[in-house]
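Database features, via TrEMBL:
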type	residues	note
BINDING	Asn11, Asn67, Gly77, Asn78, Asn170, Asn203, Glu221, Arg222, Gly231, Thr232	substrate binding site
ACT_SITE	Cys76	active site
ACT_SITE	Cys76	active site, proton donor
ACT_SITE	Cys230	active site, proton acceptor
Amino acid sequence: MQFIKMHGLGNDYVYVNGFQETDVESRDLNQLAHAIADRHRGVGSDGLILALPPATASAHARMRMFNADGSEGDMCGNGIRCLAKLVHDEGVSTAKPLLIETGNGVLTVDYTTDTHGKLNTATVDMGEPRFEPQAVPLNLDHADPTDHPATWTLDLDSQPITFVAVNTGNPHAVVFVDDLTTVNLHHLGPRLEHHVAFARRANIHFATVEAPDSLRVLHWERGSGPTLACGTGATAVCVAAAATGRSDRTVTTHLPGGPLRIEWRDNNHVFMTGPAEESFRGIWPL
């Protein structure tokens, strides 16, 4: 099976062109993703993403994404930019914008190209953020409300953790801190991801506000662990900061892998802009 390794700010996935590898969905994709993502025995990645023929007539391609642990997710912000690069650069479609079918509906991806005609930067309409607890979803038996409707607390080792809960294509919890260097991500990340307050687990983000238009973030992704970047997570951090009066509605989120530009526009849609890069190609034995 031919694959392309790509990344958005170091958030790396193995991509399979399902327009060519037409039987890929007949495989055990959970096991395949887990094996491919293994950084010691596989290709090594944050997961597996398939570019497939769309089921929706208006779309140009369909996206399925799997985390490093083999679980399937609804969407991946960095992943959809790279999937758009595959669709464009491999000649599946050069429409502008591209319409990509995801687990959260059809998303619009505009893009720019380099001097060789290859897609290098993409802007994704991430849709509208959802703060309702049932949309995240939260287990209200284990998450307590605060004075702000998007802000909640949970108990971890008899200590309250305050967070903003939002769904931006995946469930997210954003914890604002004064100093990111004090965060033990490998200790807190998995414990919060699997906390009973989150009905479908959650992506966990620790963020600090550097300026009204600048946020710095650490990510713990559901099913993958620490990553260099998370597109839906950066989107979640932006809207969480703006909704609670901590930042402007247009910000640069500084992630371990680099910056993403996030705009929460007046129509309530959030737009994410960032790079898409190819690393290498190979063949995976089946």
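Cβ atoms here come from the backbone N, Cα and C positions, even for glycine.
A Cβ within 8 Å of the Cβ centre of Asn11, Asn67, Gly77, Asn78, Asn170, Asn203, Glu221, Arg222, Gly231, Thr232, the residues given for substrate, is found for these other residues of the same chain: Gly73, Met75, Cys76, Gly79, His219, Ser224, Thr227, Cys230, Gly233. The 10 Å shell around the Cβ of Asn11 (substrate binding site) contains 31 further Cβ atoms across the protein chains shown. Between the CA atoms of Cys76 (active site) and Glu221 (substrate binding site) there is a gap of 11 Å. The residue listed as 'active site, proton acceptor' and Gly77 (substrate binding site) have their C-alpha atoms 7 Å apart, to the nearest angstrom. Our reading of the substrate binding annotation (Asn11, Asn67, Gly77, Asn78, Asn170, Asn203, Glu221, Arg222, Gly231, Thr232) yields a largest Cα to Cα distance of 16 angstrom. In the structure shown, across all protein chains, Cys230 is the one of the active-site residues Cys76, Cys230 with the greatest number of other Cβ atoms within 10 Å. Classification of Gly231 (substrate binding site) by DSSP places it within a helix. Summarising the environment of Asn170 (substrate binding site), the number of other Cβ atoms within 10 Å of its Cβ, over all protein chains shown, is 28.
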